[in-house]
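Feature list (source: TrEMBL):
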TRANSMEM  18-35  transmembrane segment
DOMAIN    26-65  domain 'DUF6533'
TRANSMEM  88-108  transmembrane segment
TRANSMEM  120-139  transmembrane segment
TRANSMEM  169-190  transmembrane segment
TRANSMEM  211-232  transmembrane segment
Amino acid sequence: MSVTLPGPVLTVLRDVQLMKYSNFFTVTMLVYDYMLTFGDEVRLIWPWEWRVGKILYIATKYSPFVDVPVFLAFWFNGSFSAAECQTLFNIGVWFVSAGAIISEWILCMRTYAIWEKSNIVFYPLLTFVLGAQIVGLWATKTLVSSLQFSLSPFPTLSRCYINETKTNVFFVVYILIMLVELTILTLTIWKGVSQWRSSRSALVKVLYRDGVFYFTVMFGLLQLTRGNHYWVTDQTSF
């Protein structure tokens, strides 16, 4: 005798499966990127003395090797308790948040360099980014504190599910990220319009090109992530 599950439950199961696929895809891209860039990293980064730029680069490059395994364990391990699921998820969220913060400071350093170390640009940008990150950390803490986990009735797909969360706070984090990225992109294009044609430096052109490309990719990924996280609210129907 076959049993048909309600539509909302099927939607949740589909979204959970998509999240698992997304995490597996992330691991694949992480390893692939590491294989492509490790040789250049050893040759160009490791020999240089330890300064702020190198420390930030190493931190943002290798922090995913912590949060990605944490989320893999969260999604694929079928023996955790609800409390262990919550602990794992919280650890993963905070490591992702730390990586995002470090990445933004790297972009600020690049923007500072593009503007020829202009303090008129640097200090307002510093104030804005720092303020946005403080609010973002508060929003992340509020979101993490609101999460309540229970054991899933479908443990083969997901050991745990979230049955309570403040979803509005979740969107605050992404709005802040987009505002910071848009500000950096605007400064990059503003300076780039006057320097792109006149400069013969390949490095300068790479900085501008990668800045626009990074924002485009980041915007797309944020929209994808935002869509994937709708499963958080849907799981309250279990």
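Just so you know, the numbers here start at 1 and follow the chain as drawn.
Using the three backbone atoms N, Cα and C, a Cβ is placed for every residue, glycine included.
Note that the structure is a prediction, hence the values are computed from the model and not measured.
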(request) Go through 18-35, 88-108, 169-190 and flag the stretch with the largest number of C-beta pairs under 8 Å relative to the transmembrane segment (120-139). (result) 169-190
(request) Just give the helix, strand and coil counts over the domain 'DUF6533' (26-65), going by DSSP. (result) 32 helix, 0 strand, 8 coil
(request) Quick one: average pLDDT across the domain 'DUF6533' (26-65), no decimals. (result) 87
